[in-house]
Amino acid sequence: MFNDLLAGFGDALQPEYLLLALLGVVIGTLTGVLPGIGPVGAISMLLGLSPAVGPTGSLILFAGVYYGSMYGGSTTSILLNIPGEANSVVTAIDGYEMTKRGRAGAALTVAALGSFIAGTISILALAFATPVLGDLALKFGPPEYFALSVAGLLLLCILLTGPLWKSLAMVFLGLMLGAVGLDSLSAEARFTFDTIELSQGIGLVPLAMGLFGVAEVLSVAQQVRHGRVRRPKAPRLRDLLLTREEARRSAGPIGRGSVLGFVMGLIPGPATLTSTFVSYVLEKRLSRRKEEFGKGAIEGVAGPESANNSAAAAAFVPLISLGIPFTPVMALVLSALLLNGITPGPQFIDQHGDLFWTVIASMFVGNLMLLVLNLPMVGLFTRVLALPVQVLMPMILVFVLVGAYAANNTMWDVTVMVCAGLLGFVLTKYGFHMAPLLLAVVLGPTLENSLRVSLSIANGGFGTFVTRPISGAILAICAAVLVARLVWLLSRRVRRTAGNGDTGSATPTTATEPDSSTRVLSERSNQP
Amino acid sequence: MQHVTWRFHRPVVACLVTAMALATAACGDLGASNGTGQFPSRNIEIVVPYPAGGPTDTVARALADALNKGGKLNGHRAQVTNLSGAAGASAATYVTSARQDGHTLGVFPNSAFTIQSLLKDQPYSMDGFDFLADAARGGLVVVVPKQAPYDTFQQFGEAAKAAPGRLTIGNPGSANLSETEARLVLDASGLPARVVNFEGTAPAMTAMLGGNVSAVITALGSVTAQIESGELKGILFIGEAPEGSVLADIPTLAESGVPMASALPESPNLVVVRKDVPEAAKTTLRDLITAAASSAEYKDVINGMGMKIPLTSPEENLAMLQAELNWYTTSGNHLCGGGKNAETPLCLAWTRRPGA
């Protein structure tokens, strides 16, 4: 195997493949940084090149774009609280808080390092364990997808700060938004009001850009109007590096994120996105500094950013070992292979070994290129913060408008984005989290389809969810966590009423948060 | 600080320019036609009603590639645009409202003009199009995993009868040919197996390989490689397999003793153009498509997916669609399986169709 890999490096280091890998990672980084166009859009546009660059070249190019966009997506999340693409929504939570505290450079550096390490680990797994892992993916059937979707939504709600009902309300709103359009199992129109636009459903890209991007621009505009804008300053050069403490705290999350992302990437569905949520929740659970999450904990950037890169590499496993694309990006890769007269299937590594090993080797090369490209860019990107908001915010608005239009070439997406922006602005002002809303929109169709397909397979029996070991175990954990949370809330309330009457203002959430005055202080102390 | 501010303004502007460039690239070539020169006088746009990456998209892209390599486009290019959404209605209205100079084509499956227009009022109709060519046509196949205890459809039938309601046939989604044919086959052979709808071929195949459904019925392109490698066993072929391929060994309906005339045609990939395009342009287009579809590379891609290249005439294509429409209107109640499938979405849609 090592000989195969070495031969692969021999091929991958040819100038034309090196050039394609470079082109891929640069385009990928750009699509990641720019809001709107994600990896699916970019690869769709490049698919026309596929017959010209051949099967190996296409795979190298598309793989570069795919993980390049995972790298790039974190940049705007961290600096501006505007995710460059949906996979970086979670990164914005703590990444932007780090920026506010003057640690933008550290956040960007750890995102790049985490992506690199996760990328390397997952490419190794892809190279040496693909045939074994393909079978693992098959252990998960529709009941397991259902259980996982329930677990994802529930755990996120429970672990977010703020009242549980607000998070649950956002989940239900998200599930409703996700149900708009043609139902994918029976093509029945739902909530479409007989319009063609709504029958296509509400696009994830314009929705995410509205809820996070436009809403952020609006909220800054409001602060400017009230004369109390407090934008983070661009950090000085020596603040760009990780401190020893930060590096130590990041190591665990990066390792766990890499493994978690890879395992989740093997399961069909939007794994690059969901793995970031799960990683965040996991790190918060494991951390001894839970209270720092949401206030700029470096673990909240390191874990998710590693997880999404790892999940991106894992998505190749089912395509290569089974010939089945689990994600839209992999469907495009399959199409590129078909156009070159190659039909991937279980015999792919045997029949096209040289192609496989060249692509694997080139992934290592591309991953290294990304690190080398991205680390020096950290200093450059953080200078964006030096722009006055009156210049920066209108520019961002133009970016997201162009991006929303460019993804599908329709004005409808722009309308959706603006509406989502207004909604996000108002809801955020009233203390609702946007993360569960977005996750519900993403997982809603998986949740619904897997429920319906499971019931259809079991001929209507709900027992299938608890009698199957994996889904039963996941659902049992969910129930246990929910019960524990409710008992905890109730016991608190009982204790509080039993204590004295005048602490009614102390809600469960503010009790776990540090006092807002210390937060302002820590922000100030970091400013030069 | 001010000079620092403006110095670093530039990368952002560069990014903006790139975004604009990408956006313009996505919009395709908007160059004006000179109106007097030979056909084509600008780039040819081939619209696909699905996102990039599916079988129809692959056919369209292979065709575009063959057209470009043919070198008869007067220096212009053929390029594919994916306009998914509204179950094909967006792409269809795009083609019928394009300029009348014949530079906007579409590649559509038959269902867009037959069952979908029967089930729901559509903003387009069959009359608005000319069906220039059938670029690729494939049958349907019922597959089972290699370790499954049945090698033929008869054995599958026996297993189904031995355990009524236990065996399941997955299909890639409702209101498509796969579900219709699955119900028709089970109906005709009187098998007590159930049909399970999935949201695409990939989830259905994954569920079958994981042992969650017994078999899957789907279009050929997506499973040909797995059948060739022996990972999947084809137990029933609906249609006509391309000669000489491993698919030709799969038993057909008649060979499996299913008493059902294959009334529905195989799935064509129809190249369409709006009807009122000048005849001269249509003739040139047909010649260009015929030449492209005869190229070795195009044949490799299409045959590799297990499909044939019929290149029927526009009249034959129209007649085929008419025959399918007639079949639905006269025998559509088959979709309800004589009342047995009355609750299925397909049957409900059928009974509620406009003008029913």
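In case you wondered, yes, glycine gets a Cβ from its N, Cα and C as well.
Among the features that TrEMBL reports, transmembrane segment is placed at A:17-37 (among others). Tertiary proximity for the transmembrane segment (A:17-37) is limited to same-chain residues at least six positions away from its ends with a CB under 8 Å from its CB atoms, namely 11, 46, 53, 56-57, 60-76, 82-85, 88, 205, 209, 213, 358, 362, 365-366, 369-370, 373-374, 396, 399-400, 402-407.
The average pLDDT computed over the domain 'DUF112' (A:18-439) stands at 87. Per TrEMBL, the feature domain 'DUF112' maps to A:18-439.
Taken from TrEMBL, the feature transmembrane segment covers A:106-133 (among others). Listed as Cβ neighbours of the transmembrane segment (A:106-133) (distance under 8 Å, sequence separation of 6 or more from its ends, same chain) are residues 1, 5, 67, 70-71, 74-75, 78-79, 91, 94-95, 98-99, 239-243, 246, 250, 253-255, 257-259, 261-262, 265-266, 298, 301-303, 305-307, 309-310, 312-314, 316-317, 320-321, 349, 357, 360, 363-364, 367-368, 370-371, 374-375, 378, 381-382.
Residues or ranges marked as transmembrane segment by TrEMBL: A:145-161 (among others). Beyond the transmembrane segment (A:145-161), the same-chain residues lying 6 or more positions past its ends with a Cβ under 8 Å from any Cβ of the stretch are 167-168, 171, 267-269, 274, 277-278, 281, 284-285, 294, 433, 435-436, 439-440, 443, 446-447, 450-451, 454, 465, 470-472, 474-475, 477-478, 481-482, 485, 509, 512-513.
Among the features that TrEMBL reports, transmembrane segment is placed at A:168-186 (among others).
According to TrEMBL, the feature transmembrane segment maps to A:198-221 (among others). Sequence-distant contacts of the transmembrane segment (A:198-221) (same chain, at least 6 residues past either end, Cβ-Cβ under 8 Å): 35-36, 38, 80-83, 85-86, 89, 92, 177-178, 180-182, 189, 191-192, 229, 231, 389, 393, 396-397, 400, 403-404, 407-408, 412-414, 416-425, 428-429, 434, 437-438, 441-442.
What TrEMBL records for A:259-282 (among others) is transmembrane segment. Residues 70, 86-91, 93, 118, 121-122, 125, 133, 136-137, 140, 144-145, 148-149, 152, 155-156, 159, 253, 293, 300, 303-315, 317-318, 326-327, 435, 439, 442-443, 446 of the same chain, all 6+ positions outside the transmembrane segment (A:259-282), place their C-beta atoms under 8 angstroms from a C-beta of that stretch.
Only residues 6 or more beyond the boundaries of the transmembrane segment (A:315-343), in the same chain, are considered here, and those with a CB under 8 A from a CB of the stretch are 39-40, 43-44, 47, 50-51, 54-55, 58-59, 62-63, 66, 126, 130-131, 133-135, 137-138, 265-272, 349, 352, 355-356. Summarising the annotation, TrEMBL assigns transmembrane segment to A:315-343 (among others).
What TrEMBL lists as transmembrane segment is A:355-373 (among others).
Among residues of the same chain six or more beyond the transmembrane segment (A:385-407), those with a C-beta under 8 A of the stretch's C-beta atoms are 34-38, 41, 79-80, 82, 99, 104, 203, 205-206, 209-210, 213-214, 217, 220-221, 224, 229, 231-235, 413-414, 416-417. The transmembrane segment annotation in TrEMBL covers A:385-407 (among others).
Annotation comment: TrEMBL describes A:470-490 (among others) as transmembrane segment.
The region 'Disordered' annotation in TrEMBL covers A:499-528.
Annotated compositional bias 'Polar residues' per TrEMBL: A:503-528, in sequence order.
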